[in-house]
Amino acid sequence: MALLVHLRSVTELRGRADRVAKVAFRGLSFYTRVLENCEDEARFDETFRWPVASKIDGNEMLEIQVFNYSKVFTNRLIGTFRMVLQKVVEEAHLEVSDTLIDDNNTAIQTSITIEIRYQTVDGSVGAWSDGEFLDVPHDAEGVFQFESASLLSGHSQGSGGSPGRSSHSAPAFRRAGKGVFSAMKLGKSRTYKEEQKKGDDPAFLENEDLDRKAMRLGGALDPDTISLASVTAVTTNVSNKRSKPDIKMEPSAGRPVDYQISVTVIEARQLMGLNMDPVVCVEVGEEKKYTSMKESTNCPYYNEYFVFDFHVPPDIMFDKILKLSVIHSKNLLRSGTLVGTFKMDVGTVYSQPEHQFYHKWAMLSDPDDITTGCKGYVKCDIAVVGKGDNIKTPHKANETDEDDIEGNLLLPEGVPSERQWARFYVKIYKAEGLPRMNTSIMANVKKAFIGENKDLVDPYVQVIFAGQKGKTTVQKSSYEPVWNEQIIFTEMFPPLCKRMKIQIRDSDKVNDVAIGTHFVDLRKISNDGDKGFLPTFGPAWVNMYGSTRNYTLMDEHQDLNEGLGEGVSFRARLLISMAVEILDTSSAEIMSSTEVQVEAMPNISETAIGKMEEFFLFGSFLEATMIDRKIGDKQISFEVTIGNYGNQTDGVNKPSSMTKKKEGGESDDESELIQNSSEDEGEEEGDLVSVSSTPLMKPVITDRNYFHLPYFSKKPCIYIKSWWQDHRRRLYNSNIMDKIADKLEEGLNDVQEIIKTEKPHPERRLRGVLEELGTGCSRFVTLANKELSQHGRTKLDRERLKSCIRELENMSQQAKAIRSQVKKNTVKDKLKQVQNFLQKLRFLADEPQHSIPDVFIWMMSNNKRIAYARIPAKDILYSIVDEETGKDCGKVKAVFLRLPGKKGFGPAGWTVQAKLEMYFWLGLNKQRKDFLSGLPSGFEENKALKGPGLQSVPPISLVYSMKQVFQLRAHMYQARSLFAADSSGLSDPFARVFFSTHSQVTEVLNETLCPTWDQMLVFDNVELYGEASELRDDPPIIVIEIYDQDTVGKAEFIGRAFAKPLTKMSNEHYGPPRFPPQLEYYQIYRGNCAAGDLLAAFELLQIGPAGKADLPPIDGPTDVDRGPILPVPLGIRPVLSRYRIEVLFWGLRDLKRVNLAQVDRPRVDIECAGKGVQSALIQNYKKNPNFSTLVKWFEVDLPENELLHPPLNIRVVDCRAFGRYTLVGSHAVTSLRKFIYGGPDKNTSLWSSAGEVVVSMEPEPPVKKMDTVVKLEANEEEKEKKKKKKKGEDSEQEEPDERMLDWWSKYFASIETLMEVLRAQEAAQVELEDKEDLEIVGESAGTKGKEKVKEKVKGSKDKKKSHAGEGAEKKPHKLKVDELVVYNKELENDFDGFEDWLHTFSLYRGKAGDDDDQSITDEDRTVGRFKGSMCMYKLPLSSDVSREAGFDPNMGMFQGIPHNDPINVLVRVYVVRATDLHPADINGKADPYISIKLGKTEIKDKENYISKQLNPVFGKSFDIEATFPMESMLTVSIYDWDLVGTDDLIGETKIDLENRYYSKHRATCGIASTYSVYGYNAWRDPMKPTQILTKLCKDSKVDGPHYGPGGRVKVANRVFIGPTQIEDENGLKKQTDEHLALMVLKHWEEIPRVGCKLVPEHVETRPLLNPDKPGIEQGRIEMWVDMFPMDMPPPGPPTDISPRKPKRYELRVIIWNTDEVILEDDDYFTGEKSSDIFVRGWLKGQQEDKQDTDVHYHSLTGEGNFNWRFVFPFDYLMAEEKIVISKKESMFSWDETEYKIPARLTLQVWDADHFSADDFLGAIELDLNRFPRGAKTAKQCSIDMVLNEQELPTISIFKQKRVKGWWPFVARDENEEMVLTGKVEAELHLMTAEEAEKNPVGLGRNEPDPLEKPNRPDMSFVWFMNPLKSIRYFLWHNYRWLILKALSLALLLLLLGLFLYSIPGYLVKKMLGA
């Protein structure tokens, strides 16, 4: 149906102007385009079309208004044309010419010509001619444009539409509080009740109509292009004068919550420094924890787990800094030296997917020296868990070490891996408007003594960022301090801390207190895109809010000043700016430390901050109701403040130094005027005095809880003038985006509502939403582009605007693209995508640079501030452009006042302190012409001063002369899922309805959470002020409060709902489509959380001149019992049908005591809509808690509409002696939907008729595993071999020997599969997203683009395919092991909690806790469980159901259900292992053991505790015999063993075995994937597959199984084909049907009618919970449970899952030689370079067993010869590739702790020194599983073997057994570069312990099997041990010629001496002639 109006022309206009017309029908108006410079005639020639959802009533009006258009001011109305559509309804086509009328309803000359057509679906109104209007060009697109009520009413103001096309746009049109009232469904239109259209909500165009319309538009119909914008809800109340109320009644910020931060430090690599002993310190906030110390290694392995628990508000938690630091050689005596740190805030971790980083490498940097680069990496897992978050941990099985450090850095998505150092400059200029922070008494004392008058505050500014603090200087005694200082932080960029905290503090001798706090969110002041910008801010004022300004010594709201919770008052404003500069760390003059610096800087010029403007704020109080009775007896006034303006009690503090020099020659009195605006300002013509509070007035009682102020027709007003820098532009942009977001949110709520209520075509509505989003975004872009040119704003303003424009342009394109992809089946996915848009818009709309402070309304009583409301300035800011105006500007808004600060938490905060109907307008003083235009009309202004020339003075009150009288009828039908307010677990609810100053109450219904009041409340003579038509569209809201009646004390608040009544004016007809109203659901809120739904309807009927006689009659009370209570009248209450509800009573479980007495004889009462049934009485609950009679039924009248079905109540009572009954507990089933019987499925019958369906599932033939055939083409095979040869692997892959395989092989293989599946899912997800992105890109790129895109996609897909291909090729070499299924959640998760026919209902008693009440959880209120089920169906039921063979009439719909007699069962619990346990001991570890409890049996496996382990492998099974139903709840707990004291519970998990046992999914014993009779995969179940299959077929009455020849089996009509041979342990083959039967069992879900998935052989992972820490996981346990009935043959022995014992190995390392070792020492005698070389080696984790070779002394070339053997015995776990070490942690440890450590061999080369410490020269670490093959010769050995380890082929010593070669030694030089420091020739030989025993060897060169002595040069020895040798080698060797020369010279000299000595004697002799 549709109404079309063609506006031809308007003639006889006066003057010359721009003209525009507005056409309105049913509250939805369209504007024409603007005709410029028209004289007497305006030819519009435009068509407007309204899709109509309900028939047009003859009394409805069409209204056309013609305006003179003005770009700047509001448009001036020329005249109006109104027409009743009676004639149109009769004739369907009219042409009309008529004159317009003016405001006073007198005709004017101007006339108008229009043509109207009305088209209905059934053609019941006149015939419709096919042609559209004759002279309008056929414009399909144009017609479509009506459908999206453009969000923006734009074209009427400031932008002319394109000529020749109408810009069909509606003014920003708001629906009645959608989103607030989820109940206010799309459209208030009503169907005729007689039609009783099933399921189709009339607010949607009927489908056939849509289709017809679409045909007219586009010829053929493509339902995928139809979109419904919000316009289709034509009859919705359009909210023009009222805005939505906010329902959030309680501040959520600032309330403490539980958090748990867990950090696992796995290992560190590449730490800078030589031979260090590193410790990792983990610090969160103030708490520190340390790992153990690892000796002499720079790649330590820790694998230590730390947990930090916090109970703080989220804001504080997320600002805490998490810091990892590595410290070198820390011990008790010294603190050690810092190697490097890494820090990020907790919020960054929390905002990660799953709130965690998993296996990522944190890059360390040195805070004291930023010029050095990376100082190493620490690999860790970090997770932050809040209450109720569940963390998906990847499976902790065999993890391969990710060696790709660069690709796995610990950084959030989108942060570059190379972060740079940067300086963050925070400039602090000055502050204004500080409050006094000292009592005036002190000041007076000071004044008396010293005689000077001082400001009472000593402020300074403190900035906290990334864990560092910077402070400015203190400005003594100043309310307007000027600092002009900058604080400089040095931090990595981008920083991993989101917020910077800026605080003004008051310096005090005792303790400094915060005056106000502001957070700067770095994400909002920067943009990391390609065209992004670095963080920048201001210079701009930031406003600080906090506690009230009056100073008290103990400020109860001090937290607010610290930035926690919502500030309740303006505190001060601070002028700051920020900038970031990226540092070039290589430049020389840079400061290398990261200390915070503070420097002075020059003054800032006033012009840089912005131009001061005078702002005008006007407010009017139209109503003040619901005033809390505590304050109702005193006089009350309301005060409105903006900044310090208007604050009379404690507002502006004048600085004492008033004689400041002002720049720009401002006069002193002006500064005074700015200071204190509440005094007279004698400058303007109007002598404006601000009036900021309403006159005192005494409240009048409304009812016993609330009062109201008797304003009646005289409404008080306030107005304030204030001066601020004019930065309205910022707020305008926010407003536009907010409005787009509001509209989007409303649309998304609609779509969700449609999906939830299963109405047709949610996709059409979603398309409409996207269309609106697209138009909104593009409109923003056009508006914003105009402003880009404006100068004089901050850099951030310009950059933000650019990035918002980019984002919104992009969003608009994406919206268009997504719109075209919305199909019926993709709605939900697309909805998620669009929700991301919403978050992004909200993020963009939040403006970081403030301008005008928020407005506060305070309720004052007795000069004390009682309650407040805070209204953001942007919401009430006026602009001449409609979209930019705040959403509440010039509108009436319902405002709820609440208590300040912590008083507002919890129940106190839920009571409304007062409800105001407020009208606000804020704008520039010079634009204030129309500030009253949005008020309800019909008032006169009452001004303070009378007299001429005072036209412009605002009124101090408004007197309404026009008032309307109404009757309100509230039809209160029922409520559901209310909050339990009494100790019985129920409530005694009644509802109180408030409307204007009236209130009424329903009756109290006792003991129910789902009251059906069925009561009409009539409010007579409700007086509302304003014009009737406005009230019709915009009635005030109704508040409904629900209370719990208590016999003593006052009623307790349960929740609150809001509603808008449907209004009928006295001249309207009471009848379809709008009346009578339909019942709708309204959400009930309690604080911020939903607390149920109210089903009601409200109508507001105007009492006309004839009085109440005109109103629809009220039928008197019909039921005699209920006295004068009026029931909901017939047209409104739902239409009922007869239903039968069958109830299956199975049993009761775990009933707790009631009033200390045990429950002995319980009974269950079921009640629904007043009818019900009682179960049989259980005679002795202890002996048998099951019911004797299984099925009972009752009949009841229920609404036809399923959504209106009342809840079904289950109550358990205990029958005591003397006929007393005690309520044990109750449960309300809110939705009976899942219990509605649907009859036999239609599609199953299809199968049964469709002959045989053959399902051939050839599994691999069960050949012996050894012979797995690998079919690759020959050349492929060769290639493979070559590849492997290269990698040094044997191409003959060893196939596992059956004997080697055990249960663990199966488990690890399964985990591998699980990981592969998860990876594949991720990849698929990514591919899907890529595909969508490409589609979107494709959409916007046009066809040419598309081709390219396709190629791209193809390319990427091929890559992926090729990867997959590689995978497939590699596959055959993966060992073929039978697998089981590893579920990474509870088994219940995958099988709907095993509630396939038996449901469990928890019974509650006791008061419910609120979300915030940490004390009460649902678990605490649970007093037991009722097991049973329901089935409901409409009567009469078709007879084919009861005709089936074997139908048991006693069982009703519950056929084929087993009996519930007690049954004995053997329960076998297997516990595999636990992971991530919460540490229980102070050393950060736990000593866990298992405890299992079932009924009375409890097994504590205390003696087998596992010492100091948080990831213990238990590998145990326990057998327990139990009797169901008495013992059916299995509890598996893990306790921490303590030597003294009691053991602590770490966590527990509970499993309901009974539901598993009886489930159709057959969860008794999982079905293995293959059937074998022996070996690790032997069949566990005592029943063979054939027996199981036969039993299943028999139980479910299915024909079969029939085994046929050729490996066939037929079940029902399915034929399965499979293998038929099995082999026993002796290798003999036998014929068998077991494989076939197993085949069917694995595909049981495909069997028609009865099929369901059977539980496979599995391991489930269950979270461990601790009652003391509700909602936070304490670890996980992997386990499974088998159950075997005792009356069947007993099962075999349990599967052996005991942990694999590590295998003992011996690694023999022979160090043959070294070469090119660097030379360290200078020789004493000769000064030559040499080294005394020795080699040290150890296996990681066994440093204490390190072994050294002997020393090769005095090597001159770096060559060393050793022939020395190291022997390292170790225990090794093959499957996990880890060495197992058991050792005591310290001398005080009670027992040994087991560690698992990667197998790594460390070899080091040292230089031996005798008198000083040995010098470390170099090292190499070989991972024994994958290390590079040694080089053949020393020449070929190079440093590349270490640097490019990833690229080189690797070998494993466990496969290779023996390896010899050369490896390089490396170390880091001063520049932290890797350098080669030597080479070693070594031989590694691995033997098992047995082999080693057979041929033993000696250490070093000892026997047995000694190595020969090395052939060392003779000079290799120690000089002081062999002095002669050293003379020979050192002296003779080097100085032999010198010595010979010296000797011959000495000889000569001797001869000469002797000669000289003997010559005189000889001469004498000769002379004497002897």
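Keep in mind that glycine also has a Cβ here, set from the backbone N, Cα and C atoms.
Database features, via TrEMBL:
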COMPBIAS  649-658  compositional bias 'Polar residues'
COMPBIAS  666-687  compositional bias 'Acidic residues'
COMPBIAS  1265-1280  compositional bias 'Basic and acidic residues'
COMPBIAS  1344-1356  compositional bias 'Basic and acidic residues'
DOMAIN    1-98  domain 'C2'
DOMAIN    241-362  domain 'C2'
DOMAIN    405-536  domain 'C2'
DOMAIN    950-1075  domain 'C2'
DOMAIN    1122-1248  domain 'C2'
DOMAIN    1448-1566  domain 'C2'
DOMAIN    1689-1838  domain 'C2'
REGION    649-690  region 'Disordered'
REGION    1265-1297  region 'Disordered'
REGION    1339-1371  region 'Disordered'
TRANSMEM  1935-1957  transmembrane segment
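Taken together, the residues of the domain 'C2' (1122-1248) have an average pLDDT of 84. Contact check: the domain 'C2' (1689-1838) against the domain 'C2' (1122-1248) gives fewer than three Cβ pairs closer than 8 Å, residues 6 or more apart, which falls short of the contact criterion. Each of 241-362, 405-536, 1122-1248, 1448-1566 was scored by its Cβ pairs under 8 Å to the domain 'C2' (950-1075), and the highest score goes to 1122-1248. Counting C-beta pairs under 8 angstroms (sequence separation of 6 or more), the domain 'C2' (1448-1566) reaches the domain 'C2' (241-362) with 3 or more such pairs. For the domain 'C2' (1448-1566), the DSSP counts in helix, strand and coil order read 12 helix, 53 strand, 54 coil. In the domain 'C2' (950-1075), helix, strand and coil residues by DSSP number 6 helix, 61 strand, 59 coil.
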